[in-house]
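The structure under discussion appears below in the form of structure tokens.
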Amino acid sequence: MSNKKADSKPQAKYPVNLLDTPFPMRGDLPKREPQWVKEWEERGIYEKIRAASAGRPKFILHDGPPYANGDIHLGHAVNKILKDIVVKSRNMAGFDAPYVPGWDCHGMPIEIQIEKQFGKSLPAAEVMSKARAYATEQIEKQKVGFKRLGVLGDWANPYKTMNFVNEAEELRALGKIIEKGYVYRGLKPVNWCFDCGSALAEAEVEYKDRTDPTIDVMFAFAEPEKTAQAFGLPALPRAEGGIVIWTTTPWTIPANQALNLHPEIVYALVDTERGLLIIAEERVEACMTDFKLTGRVVATAPGVKLAGLRFHHPLASAHPGYKRTAPVYLGDYVTTDTGTGVVHSSPAYGIEDFVSCKAHGMTDSDFINPVMGDGRYIESLPLFGGLSIWDANPKIVEALNAAGSLLRSEKYTHSYMHCWRHKTPIIYRATSQWFAGMDVTPRDGGKTLRETALEGVDATAFYPSWGKQRLFSMIANRPDWTLSRQRQWGVPMAFFVHKETGELHPRTLELLEEVAKRVEQSGIEAWQTLDPRELIGDDANLYEKNRDTLDVWFDSGTTHWHVLRGSHKDQLQFPADLYLEGSDQHRGWFHSSLLTASMIDGRAPYKGLLTHGFTVDGEGRKMSKSLGNGIDPHEVANRLGAEIIRLWIASTDYSGELAISEEILKRVTEGYRRIRNTLRFLLANLSDFDFAQHAVPVDEWLEIDRYAVAFSQQLQTELLGHYEKYEFHPVVAKLQTYCSEDLGGFYLDVLKDRLYTSAADSRARRSAQTALYHLTHGLLRVLAPFLSFTAEEAWKVFQPASDTIYTETYYAYPEVAGSAALIEKWALLRDVRGNVTKALEEARTANRIGSSLQAEVAVHASGARYDALTSLGDDLKFVLITSAATVVKVDDEAQESVDVAASKYQKCERCWHYREDVGAHADHPTLCGRCFSNLFENGEIRSAA
């Protein structure tokens, strides 16, 4: 370090060693941080980190790709900064931990943007070229934002799911799971968004409250004799009546094909003013009240006795097109929590209905499926053709009422499925899609996908641990994965499908590889322009190109294949050590990645999963435009500094919600200043210290210096343990305590007298500086993962010849003999010092003393405390920061106390101690004896402090 003193000030008559440093007190972060970002890029710091780490064990944090659309928000900042802390801490722990950022580029949001800008009639080729350009522009914009946050990575060479090599490798991954037998085509109800015009993944569905009409509808008796027999009656008492269902989806009534009862629930035949009604016995009283009817139970029967009975469609009298009957099927999923205990079944629009009807012998061609992809009924549907299902709801209620089938109608607010992009309601809709079968046995005869994935969950470490059960439950209960989408901007499911049978071409695997080669050269556009005859010759007359695209969750879910082992295999490796994302990714990227790796490799693609919560305001409310409580990371970085965002994230327990507000940021800023002031003190007091020239051997250090280094080494061991377990908030909490209490409140406070008043080149002062040198090395490195700009700024002052702190590893402190005993002893001394400080404060309040140096204390101590205090000899006064200190032995702890008296001596002009020998030298009447010695003779001798 430089040897410059603060020579801009006039020299004092009796100078002290007050040094300066180019590391300023004010961080001026908004101004300085962008300069560091620029410098890191220009000087190739990330590449230098990689070079320094070459040959070490690899640690791979695989970046879950954000979507290439829109500005980065606070959630992005949380995610990227947490990743940056992990990567930097692993590099400094001695690993080669590259960070390759990535982006998710295909899919609906970008396609929507292109439609907004250019309309919906663009040719497919133009949609793709404009989508590529748009995604590229968004990536560059987001990249600037991430770099501004101090995140180091391979920004020049990120992975993008739209890069040709990644698109091609994704097709090869598809080929792998087809080869293993997991993929099939079938008709099933899937999540369907009318605005997307496509199936949705489970992760693309969110729930919001919605108000819909709820109706109780009667299906009239079609087989009165059989119904009477089922209830043990010779005949029904009257002909009018039927079975009653309750539904919140009137629009499904036109597609009704069955009724479901629970086999063990008891059903009652109730005589009412509206005829005989069949209702679950335990729901009779509630239903009579709701229907405003009086009723008498005529007979009862368990559901199993009613199986196979048929009832007329409730609109049979309204239009001949509904003159059909619905059979009673049995289903364990029927409950009596609400409604009538009878479920109407439209198998095209409900998973349980679909499964039940399939189990009872219905085939795909039997299903009534009148709702088109845009949410309108087909024109040929009686009474409601061409209507949107939402517009049809009230008209269906009217028609049911006119037909005499409606018993009750009212509004009902419930949690309902919505598209996460459009925020509009979605439905289950039976469509022909490509699926990955969760319970399919692969061709090699191994375990099912579900079994393999659950084993993968068991083998994964979770941070926090509750994530394991959450993901396990999701995998255990999920339906088959709908792989296909009906869009343009996505990786094609590049199949040739037989026009009549719907079967895949027998050479599908070979053909997929041929398509992949073309995609590798010119992107997914190659499939759009491909003439089938190029690949299948005369078979082109029999087969058509499949127009479906892959679910974008397959894009990101196969990055373990097309990134870790594909585009970036030279830097990365499989499996990754860690995936780190928000808690929503248990049903998103964590989930899809697990399924694809289970199919391809029979294992999870990660060794560990780290989950963080979402940001909320200071009152725990989610951030929203309507509440006006959102916080923009750009604005905070430009006003307070990205370092404040980084410190906030690191100091917050990310396993729950991350609360942020102006008040919280204010507290974080105050904490930052304390750390910065500590660094400034360290750097200033090392500014005339050259380790090679001035370092003192460990065994010659003063005792308190040995203690400080031993204590810091012990703390570092704790901190590295936290870093290894990704526990960052304890790291910050302990470092803030270390800076404010262990250093600022104790060690540095004690040290000031020695640093400032001892002879500049004395052993006592150089001992202190040697200890500070080691402490600074250690402190900057454990701060660096989260206080990235500040640690680098301080490092360049501390070690100007070094390129960057980020090529360093955690500090190897010198070994201090007897460190455990030393730490234990000084813990006692600090405890006593606390009692002395309290006594001094009481004396100051009583106006008996001014500063602590005006005091002389007598410490009454027993046992180990007495031994520790007396071992310091005359240096005890320096530890207590008093002008004199004596120790009085007492028998036990009950007798321990502190006596404080004002010194009767003069104050030394230079060191401010009150001493008997002030003025002992006539030429220097305001100096004490030790200051005279330190300035003009050999200097005082200290051993402990």
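Heads up, the Cβ atoms here are built off N, Cα and C, so glycines get one too.
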Query = With the ranges 87-91, 212-216, 622-626 to choose from, which does Swiss-Prot describe as motif ''KMSKS' region'?
reply = 622-626
Message = I want the residues beyond CYS908, CYS911, CYS928, CYS931 whose C-beta is within 8 angstroms of the mean position of the Zn(2+) site's C-beta atoms, in chain order.
response = THR757, GLU909, ARG910, TRP912, HIS913, ARG915, VAL918, LEU927, GLY929, ARG930, PHE932
Key: Which of CYS908, CYS928, all binding-site residues, has a Cβ with the fewest other Cβ atoms inside 10 Å   = CYS908
Task = Tell me the Cβ contacts of GLU581 (L-isoleucyl-5'-AMP binding site) under 8 Å, same chain only and six or more apart in sequence, or just say none.
result = GLY64, ASN79, GLY588, TRP589, PHE590, LEU610, THR611, HIS612
Request  = Going by DSSP, give the three-state secondary structure for CYS928 (Zn(2+) binding site).
outcome  = coil
Key: CYS911, CYS931 as binding-site residues, winner by CB count within 10 A   = CYS931
Ask   = DSSP on CYS908 (Zn(2+) binding site), three-state: which is it?
value = coil
